[in-house]
């Protein structure tokens, strides 16, 4: 007997999707009983977790393994029959069951997690009729969220600070709200400033800084100081070296560890620059692959050797207060935009020599901004990739000339020796 015809009452409101290239999905579409089993499986998956958390005895929760499996079955059956009235009645029944469950458990558990999970299981069962893959994936995510209650609560209450939460929300707004709204084209008369590309660099900078901050919080002592250096390199290796030099002058016993952290900041700065170049213009990165790999290898070996000597700093030393700094990010984007305009004007005035001169001058202050400005010109078609790669190297060399004097003035000769022999980034 053929299955009853389906009317469009499911979540995606349409016919069964075409899945010609996916034999598994074709089998699910052609065999309604398999989709029904998927709906039951989603209910069982969620029900296993709810069964373990509902407790025992007369005060146990109302919904467990069998209840959730049946709710998934009801949702899957409604999706297969495709009758809007039947679906509405079943949905009202599940909602009434959720209300009854809440009234029973309210004195001991005022939360709504189980009740929301009941209705979500019904919807996912309904969803298996048209979108079985999405339904299964959503069911797995829901089960993981339910099972991870304790670690998630511990993270939010005991580990995550209010400032870190606000930083996370700021990153989400920057990446998911602001970035898609920006035009992906040049908006200036010279044709070199692309708002989407500039803000994408800001998002990458914020993300890498946040990753370094997370790694920094996981460790203390000497490794914590080393991680602090790695994290600082995502923002400015020169500023990180200056900070480590001041710390070494205040506490001479940690000079070796501080010097290692300063050198490590060059490594993360080089990785950071490589990611930014790959984002903006991969062809320029291809020209620089060999020198960047060689320099990164030397920095890595040097920082590891230096980190093995010297006394441990106090635990937690070097842990900064924020995942990233919005003002520094905005300043960085503005600096890149300004350097890009300056390089373009110099290129129009002096040709390629003007671009290299601008990269050298800007590199004294910030190698990242200088490198990205010439790379942006290449991405806009105003400069060849080989000349842009040469400009990046000029900016890195100019920036290297600043690091050793900075370490010497602020931290003394021992600190400077660790920073002077590492390639710049």
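Backbone N, Cα and C atoms are what each Cβ position is placed from, and that goes for glycine too.
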Annotated stretch (transmembrane segment, per TrEMBL) among the listed ranges 117-134, 135-152: 135-152
DSSP-assigned states of the domain 'MgtC/SapB/SrpB/YhiD N-terminal' (36-153) in counts, ordered helix, strand, coil: 93 helix, 0 strand, 25 coil
For the domain 'MgtC/SapB/SrpB/YhiD N-terminal' (36-153), mean pLDDT (0 to 100): 82
